[in-house]
Every structure is written in C-alpha cells, then in structure tokens.
Amino acid sequence: MAAAWGRFLSRAWLCRTAWQGCGRNYRAALCAELKRPLVIEEVTPRPVQPHEVRVNVHFCGINFADILACQGQYQERHQLPFTPGMEFSGMVLETGTDVSTVKEGDRVIGLPGFSGMAEECITDHKNLWQIPEKVSLREAAALPVSYGTAIFALEHRACTQPGETVLVTAAAGATGLAVIDVATNILQAKVIAAAGSDEKCQLAMQSGAQSSVNYSRGSLKEAVGKLVGSGGVNVVIDMVGGDIFLEALRSLAYEGRIVVVGFAGGTIASVPANLLLLKNVSAMGLYWGRYRQQNFPVFSRSLSSALQYCQEGRIQPHIGEVFELEEVNDAFLHVTQRKSTGKVLLSLK
C-alpha cells in the first residue's frame, strides 16, 4: 500500500480551488478519487441543523482507517468526494437550536465518523465530549480512538485484573502505547511489549512496559516463555494478526484472554479451537466503533474515562509526529511505511 500511495505522492496534487458562495470559507482535505492523494480545497460552510454543532478544529488524529477509506478498502464506504478524519479536538463555534450539551467556546473532542480533516467540522452534538480544564487540545486529539480502544479492550473485554500480565503486540503504535499506559498506570498490571524493532521496543519500555520482545528476531512464544515461564500471560491485546496472533495465543496462561483489535500485519489467522479448549482460554474481538450503535453508554464511558484519566495526570498520550494540513499525504505515507510511533496528528491551526 505504501508503495502505491508513494507513486502518486506529489505536491502538484495539493491544490486549492475556491468554491463559489458567500461567507468565510475554510480548508479541508478531500478524497476526490480513491487510491489518489488527497487535495486541499476551500469549502463554503453550510448552516448547522438544530441538532448539530460547528467546531473550529485544532487537531485531527490520523488513523489507519482513514487511509483504508481513501483506498476504498475500509468496511464503511463513503460517497466521493469526502473528507477523512475520525477524531478531532477543537472549540465550539456555533450550536443548533436544539443543542444544550455544549455551548460556544467549549473545548471538545469529536468523533464524527469522518470529516475531521478540515478547519471546521459540523457534527451531531452526540459526537462531542467536553475536554477537562487540564487537558490540552493537542493531548485531547490523541485520546479518542487509541485510548477508547485500549480502555475497552483491557477493562470491558479482557476484564484485566491488578497484577496480571498483559502481552501487547504492535506495542509502539498509538493503540499499543495506550494499552501500556492504561494497563500499567490505571489497572496496575504488568506489561510485556512486543514490537518489530529494537527502537520500538525501547520506546515501549520507556512508556511503562516491564519487558519487551522484538518479534522480528525469532519466535514470540519462545521469547515470552523465557520471560514468564511455562505459566504464560493472562491477557493478550493483538493488533497484528497472522503468525504473531497464533504465537501470542499459544503464550496464554490457563483461562487467559486474547482480544483481537486489528490486523496490521495484513493476514487474518484462523483460530485453532483445540488451543482454546486445552487451556480454557477465551478469544474475542473488539470493533470499538461498533459500540457507538450497539451500546452507546458504554462507548461514551470509555471516552469520558480517557479524558478523566488524562485530567488526573494518570495517563500521558504519546504524540509521535504532527503534520500541517498541507502535509496530509506525507502524514499518510509516514503511517503506511510504518515509520510512525504513537499518535500522528494533523494541525489545523
């Protein structure tokens, strides 16, 4: 994917064209054609509906789902042209007549689905959460997807207990580092971080992991066994899939739990049911965004918890890189080439 994206990456694609209309225009990144670089265009604002809020966006998080959507490979398809961007932070500019949850000037995080990679975003008021006083807009933008997922995986799905050992793969990514942060500082669990390079393992250790494994050097199961013995780990949070998932599954202790969060390695493994039976282990999935429709109170609580933990200074999101809006294609390439660690943000100001 990185090579295909890179072939088309050219500053020539970063253009601005003024849309006809009145009022103050704003800039937005548009996916006008699948598998092509985004373009930056000037957009004429539309009126807010009674249930909607207009937000002055300061930062927008970049997620792999944004890139997949622009490649036409995401499970949710969008009509072209569209603006990617699943999460943002900013300040309320205007509210619809039926909105009472936020007011002009409030600092908020937003989960609009898409449309966040723009200087302004109009979204339903239910997609916004107020940012506590001690949390910066920059920090807040790094929280929703990564920490919402981490909290849900560890607390709601795996039911992680204090003192348990958690193995997390892709540990230097935004969600991986969030898992380390929450497991260590909120749940008082011990973390083994697994990543694909010594540099990424070092970052994971600096972020609170008790030990690390570079799985590009050999068997993950054998390396974990040397750290914990034959007993195994209690919880696995896996973002990689493929052979790494299978080795992590075989590293579980009796009644261990493995949570599948993603397939960054590109391969979806089949689960050997006999392994579940022999140790009475549980394998489960987590599509965090689905809870918005299926169980909104629980979904919302994961975001409120992330904001509160950050307000209290108990967690600290790691922001690896910040790009300007005009550099959005460079930011996408940075992620697809696996150069990124922690959260990658776009600055809209």
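Backbone N, Cα and C atoms are what each Cβ position is placed from, and that goes for glycine too.
Here's what Swiss-Prot has on this protein:
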MOD_RES   Lys35  N6-acetyllysine
MOD_RES   Lys200  N6-succinyllysine
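DSSP assigns Lys200 (N6-succinyllysine) to a helix in the three-state reduction. The Cβ of Lys35 (N6-acetyllysine) has 14 neighbouring Cβ atoms from other residues within 10 Å, across all protein chains displayed.
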